[in-house]
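Record features (TrEMBL):
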- 513-527: compositional bias 'Basic and acidic residues' (COMPBIAS)
- 508-527: region 'Disordered' (REGION)
- 29-49: transmembrane segment (TRANSMEM)
- 61-83: transmembrane segment (TRANSMEM)
- 121-142: transmembrane segment (TRANSMEM)
- 154-171: transmembrane segment (TRANSMEM)
- 183-201: transmembrane segment (TRANSMEM)
- 261-283: transmembrane segment (TRANSMEM)
- 311-332: transmembrane segment (TRANSMEM)
- 361-385: transmembrane segment (TRANSMEM)
- 391-413: transmembrane segment (TRANSMEM)
- 425-449: transmembrane segment (TRANSMEM)
- 461-482: transmembrane segment (TRANSMEM)
Amino acid sequence: MGPLPQNADELQLEALGHRGELKRNFSPLSMLGLAFAILNSWTALSASLSLALPSGGSTSVVWGLVTAGICNLCLAASLAEFLSAYPTAGGQYHWVAVIAWKKWVPLLSWITGWINVSGWIALVASGGLLGSQLIVGVISLYNPNYVPERWHQFLIYIGYNVAAFVVNAFMNNLLPYVNKAAITWSILGFVVICITVLACASPNYSSAHFVFAEFTNETGWPDGVAWLLGLLQGGLGLTGYDAVAHMIEEIPNAAVEGPKIMIYCVGIGTFTGFIFLVVLLFVSGGDTEAIITSTAGPLLQILYNATQNRAGAVCLLMFPLICLLFATTSIMTTSSRMTYAFARDGGLPRSKFFAKVHSKLGLPLNSLCLTTVLVIIFGCIFLGSSSAFNAIISASVVALGVSYAIPIAINCLRGRKMLPPRAFVLPSAFAWFANLLGIAYVIITTVLFVFPPELPVTASNMNYCIVAFAIIIIISTIQWFVDGRKNFTGPRSEMGLEVLEAVKSQGNTADGIDPKLVEDSDRLHQH
């Protein structure tokens, strides 16, 4: 078997079935930076104002975020318990394999893994998409007669993703510093933009009624449904916090620090996002229709309304533009680790190839290349139909939400008794509340986010998210019957059994190993 690792994190990982191959380069602060860069809530929320403004107006923008924030905090706290018990890069599909009924372990783990991998690969595209839209908006602000072509935006989109690939592939040792820079730049941008627009717009602010109570419905749906559809903005701005799980094998003291970071990043994202959106609405000029229809895009139009200066508005826009580049880099990092983890357990075609860690670069280069190639293919779809590309982005939010809910739902169905002793434990009463509220939120939003955004429904405005999601299910089902049914048994645990036996025989509880680890591992392998 080879020598036992002297590090508590590596021993716990091996007891869960995997050898530690990735360097633990990330401190808790740099990991929080990565998680916050991925959520990048104030940037994502402001860049996606067009999702909520026609579907509930300011009430949907502000109170939709509060609603999504509370529900996602419940989901994050629920997942944090799993992360504390089983800190592996597999995340949700590994947790499902541990707690599910034995008969259904392979299938449920397979489905969860495919949904999660697909959601992350699709989410990589969101940074380049939003960034390219903002840049096209800058051109439109300076040249009102400019007619954007899809290939213009496509080239910008490719540039974002190639830059993210280069950083990930050849600057792996610098990623912790990149993530610290990301959180610093994000906070700086947040502060600078808030202070600048408030100072420039003074005293001509929008009314408090406009900011907190203005309701607009341009969707054709009944008012209640329209408002709920606007939750997509908050959902997009707060999704992706399972990044901490997929990067957990690269931080020290993972079982303790990981759960904290997962909850902190959602809390920080909700708080900063709320403040930023309220500030934008106060300085917006109070004309929802003009903001929605602006060719410059809602965010740049609001910045221009506040500053009354094109150059000033564009300078402020540089903060979210660079934030989106950081976000694209961080999301690609996480997506490649998730793909690597699932391939390591035999969940993908040619799994051995995608599970390789490059000896010199110290990262799963093949999985990183797969992510990048698929994102470029998604961009080619965008050349043919913007609706199809937007559907892939929506499907990523739906897919990630479903992957969050599956392990939580299984644990609830089994009486919340499947998790072993762990560092992070929710109080029982609150745990049930958080679990059930999170599941209900995922069910409601999963149904709503496949609705057409407006009525009457046409071929051009149809929400093709359900089609994209169905394609994922079909491909994974075919792969299950071709390969998975025979070869996939869920996360591998043979190595964990070896380590467990060695620990038992040697009585190794040194170097910070939790004595409960043996008990936890016993439970895992007996299950």
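Just so you know, glycine gets a Cβ as well, placed from its N, Cα and C.
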Counting only pairs at least 6 apart in sequence, do the transmembrane segment (361-385) and the transmembrane segment (154-171) share 3+ Cβ pairs under 8 Å?
yes
Surrounding residues of the transmembrane segment (391-413) on its own chain - C-beta under 8 Å, 6+ positions past either end:
75, 78-79, 82, 92-93, 95-96, 99-100, 108, 111-112, 115-116, 118-120, 122-123, 125-126, 129, 232, 235-236, 239-240, 242, 378, 381, 419, 432, 435-436, 438-439, 441-443, 445-446, 449-450, 463-465, 467-469, 472
Of the listed stretches 121-142, 154-171, 311-332, 425-449, which one has the most C-beta pairs under 8 A with the transmembrane segment (183-201)?
311-332
Which bits of the chain, at least 6 residues beyond where the transmembrane segment (461-482) starts or stops, bring a Cβ under 8 A of a Cβ in it?
107, 110-111, 114-115, 118, 122, 348-349, 387-388, 390-392, 394-395, 398-399, 449-454, 488
Does the transmembrane segment (154-171) reach the transmembrane segment (311-332) with at least 3 CB pairs under 8 A, where each pair is 6 or more residues apart?
yes
Given a Cβ distance threshold of under 8 angstroms, which distant residues of the chain, six or more beyond its ends, lie next to the transmembrane segment (261-283)?
28, 31-32, 35-36, 38-42, 45-46, 49, 58, 61-62, 65-66, 68-69, 72-73, 76-77, 79-80, 83, 190, 193-194, 197-198, 200-201, 205-206, 210-211, 237-238, 241-242, 244-245, 299, 302, 305-306
Look over the recorded stretches 61-83, 121-142, 311-332 and say which has the most C-beta pairs under 8 A to the transmembrane segment (425-449).
61-83
Chain residues in Cβ proximity to the transmembrane segment (121-142) (below 8 Å; excluding those fewer than six residues from its ends, i.e. six or more beyond):
44, 47-48, 148, 152-154, 156-161, 164, 236, 239-240, 295-297, 299-300, 304, 310, 313-314, 317, 320-321, 324-325, 327-328, 331-332, 335, 339, 371, 374-375, 378-379, 382, 389, 392-393, 395-397, 399-400, 468
Grab the same-chain neighbours of the transmembrane segment (311-332) for me: Cβ-Cβ under 8 Å, and only residues 6 or more beyond its ends, written as numbers and ranges.
34, 37-38, 40, 43-44, 46-47, 120, 123-124, 126-128, 130-131, 134-135, 138, 141, 160-161, 163-165, 167-168, 178-179, 181-182, 185-186, 188-190, 192-193, 196-197, 200, 240, 243, 299-300, 303-304, 368, 371-372, 375
